[in-house]
């Protein structure tokens with residue numbers, strides 16, 4: 001199709017404006033972070049004497065090393081387990097077609113729209129009774145449960161399209177269901193599984209509510225939860241706060257830029273399916 | 001649905017009892033698969049039941065009691081719900097949540113449609129591919145970071161006021177998040193910024209699936225760009241619009257992170273939303289019953305808003 005020249009130019013203009021609206025807030029954050037600690041700069045003003053040391057200072061006072069480790073531990077506890085459980089249940093509902101699969105699937109889908117605030121109060125008392133308040137388990141265990149609706153939904157959508165003949169052929173060769181699952185179905189499902197893992201990683205890393213309710217110690221929280229505490233402590237020191245915010249959002253940004261293709265595809269599909 | 005009538009294997013085995021050999025083999029295979037299947041589904045179900053369904057039930061239970069979280073609880077029936085709907089401090093949070101839908105949903109979806117329609121023709125150029133990555137960034141960073149960033153942009157010395165002064169609108173500058181009249185819309189702007197990129201890309205992906213012949217036919221029939229947009233683009237995007245509306249409405253009603261960081265519900269109560277009020281009632285005022293009643297109302301509201309949208313947009317497809 002021939003694209004009108006004027007149409008193409010308005011399109012480009014819109015795109016650039018949209019990118020500017022997205023980027024400019026981060027630029028403002030960045031230049032503010034370079035002002036002397038404790039000063040009150042304007043929103044977008046290059047400092048006379050850029051204080052690159054602010055980033056080191058923010059790294060030190062926020063204890064970034066410990067925070068990164070804590071977030072990584074939480075992700076390591078949540079994502080593999082949630083992906084495995086979701087894949088197995090998706091396989092049972094989508095491929096093995098167990099009896100009562102409809103009711104079971106509806107039960108999971110019901111949880112897709114649940115706002116976490118809806119259950120956070122009883123969760124607090126539940127975790128307290130388990131003696132897990134203020135530990136990373138307080139975030140890990142509930143998140144595994146909370147990710148089940150989406151994980152099952154996502155993996156069922158994959159397995160429902162896998163032809164039955166694949167399992168039949170494997171059965172003729174003498175493979176039982178467990179072996180079929182690991183040797184044939186998991187390798188075939190790898191694209192769906194890795195997209196799911198990306199999404200769950202992101203949602204775990206950015207989880208805020210559970211972190212602030214269930215864990216008091218910022219160093220046992222997720223990155224996002226720790227950022228909340230950082231703001232509470234350094235909220236009046238604007239350059240330092242900006243430097244800290246940049247540091248704390250840097251890891252997700254880095255991971256995103258490295259895996260951007262997969263990320264965008266996974267997030268777009270994720271919301272369509274959700 | 002428990003009857004496996006759709007399974008041809010079951011039919012074959014049932015209708016041909018003479019071939020006992022193959023029949024029992026199949027039947028026992030089916031039984032094995034059923035047992036194995038439930039074993040596969042069980043761990044997910046247990047995790048879900050333990051940390052979602054069970055607390056959900058507890059929320060409903062708590063909502064019928066007056067409890068401070070420590071001592072004994074007393075049965076109060078529906079009193080907590082009456083309080084949610086009559087106490088303006090609580091009921092206003094629900095009204096605020098609905099006002100946020102305007103900013104979190106209507107603005108990103110409307111603007112997203114306009115933008116996607118404008119860039120549709122150049123969606124495969126290199127600039128558009130770069131843009132795809134860039135406008136996704138707000139979706140990837142923690143909402144908390146978006147909240148901090150925008151708190152600074154909207155502060156009295158922030159970039160927004162700097163720009164306004166530069167274009168001669170110095171008279172309207174203010175601390176946008178600290179002003180009773182503008183705090184809620186300002187929170188809304190943050191949400192709109194976060195969700196605009198996602199909506200635009202979702203709608204753009206939908207537009208790329210529309211048959212180009214439709215547009216050519218419309219052009220031949222003499223339809224202008226506006227007519228084209230409303231008669232072809234919007235109806236074809238039914239499903240994508242449904243997805244955008246669902247996602248954004250949920251994030252408006254369940255807003256927490258952004259409000260917590262940017263205003264804490266203030267000034268006064270002007271930006272208090274249900275999620276934050278639940279947190280405050282449960283963990284600071286120690287009114288677990290009231291918090292739980294509001295939580296139940298919130299969960300029902302989300303379902304009541306999302307289900308009709310899903311029905312409307314899935315029906316046609």
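Just so it is clear, glycine is given a Cβ too, placed from its N, Cα and C backbone atoms.
Range annotated as transmembrane segment by TrEMBL, chosen from A:156-181, A:234-259: A:234-259. Across the candidate stretches A:12-34, A:72-93, A:105-125, A:137-155, A:188-214, the maximum count of CB pairs under 8 A to the transmembrane segment (A:234-259) is reached by A:12-34. Sequence-distant contacts of the transmembrane segment (A:12-34) (same chain, at least 6 residues past either end, Cβ-Cβ under 8 Å): 41, 43-47, 50-52, 54-55, 58, 238-240, 242-243, 245-246. Packing against the transmembrane segment (A:105-125) from elsewhere in the chain are residues 89, 93, 133, 142, 146, 148-150, 152-153, 156, 209-210, 213-214, 274: each is 6 or more residues past its ends and has a CB under 8 Å from a CB in it.
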